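Notes to accompany the following structure.
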């Protein structure tokens with residue numbers, strides 16, 4: 001189970017993110033401000049995580065210097081505050097399916113940033129290297145199909161799905177093409193910020209490996225940043241009110257399960273398998289979002305979404321196969337390298353022992 005644990009955790013993370021996309025879209029359609037929503041979810045996540053960090057890592061041997069805290073603060077702004085606020089505005093202009101679809105650019109951006117920063121190596125002369133590159137190309141093809149090809153409409157499996165707000169199902173039809181293009185661009189920007197965030201997380205975790213404290217500090221920093229941003233754009237108290245409706249449900253779900261739990265699990269997966277591994281599991285979020293739209297919301301799904309989803313799943317397994325194959329090859333080389341080092345050590349000891357024995361004979 002130990003070897004399979006990162007795969008299971010990655011699946012749970014993407015399932016949580018799928019619920020995040022659906023509930024966030026429902027809250028925005030119900031009239032909730034994107035800036036206020038991001039603050040509330042980060043605040044809820046901080047309240048959930050901070051006590052655990054204080055209890056379990058108060059005696060952590062890893063000191064938190066001002067330089068490390070500043071890096072965490074800026075990382076939170078890039079990957080959480082900026083990414084989530086841009087993503088929220090983009091969701092208002094687009095749909096839940098398109099939001100989950102565009103985020104599938106994440107494997108491409110993360111892989112590119114990881115290669116540029118020297119965290120990921122590609123050897124196109126080997127089968128694993130070819131599989132990784134092919135997976136990225138297929139991923140790009142899948143995103144292109146999802147973005148530019150709609151195809152025939154598939155009949156919804158549920159004709160009376162749950163609706164939140166007003167006109168949730170027909171919202172995408174009423175959005176102008178200009179706003180839809182702006183929404184797609186903002187989704188791409190959010191994906192790039194998210195990809196760079198994953199890569200930089202791995203670097204900071206190398207110097208500050210306290211994962212729970214690291215996640216809590218990011219949530220706290222983002223909550224402060226998001227509050228200042230929300231106050232700047234939304235000063236009407238009516239925009240800040242929460243009631244027993246989908247707004248409160250979305251805040252609690254996204255704050256506790258996504259910001260609190262999923263972000264912590266994400267840092268664990270990144271430290272275990274690297275940022276590219278986690279990024280390549282994002283197609284699972286799209287598949288689950290499409291299924292959630294069909295079964296829960298009763299939305300109409302296009303043939304292009306299905307074909308694009310199939311390509312993304314193929315790309316996922318292609319890259320995962322390449323990475324697992326490389327890990328096996330590296331593990332096979334380790335015993336050989338250890339044996340060579342042991343042989344060299346014995347030869348060195350023997351060469352040292354010879355002059356000593358000669359001196360004793362004299």
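Placed from the backbone N, Cα and C atoms, the Cβ positions cover glycine too.
Caution: TrEMBL annotation is automatic and unverified by curators.
Taking TrEMBL as the reference, the stretch among 180-200, 327-347 described by the feature transmembrane segment is residues 180-200. Listed by sequence, the residues of this chain that lie at least six past the ends of the transmembrane segment (244-265) yet keep a Cβ under 8 A from its Cβ atoms are 9, 12-13, 16-17, 19-20, 23-24, 26-27, 30, 32, 37, 40-49, 164-165, 211-212, 215, 218-219. Counted over residue pairs 6 or more apart, the CB atoms of the transmembrane segment (277-297) and the transmembrane segment (68-90) come under 8 Å in fewer than three pairs, which marks the two as apart. Counted as Cβ pairs under 8 Å, contacts with the transmembrane segment (212-232) are highest for 68-90 among 7-28, 68-90, 96-117, 180-200, 303-322. Applying DSSP to the domain 'EamA' (182-320) sorts its residues as follows: 120 helix, 2 strand, 17 coil.
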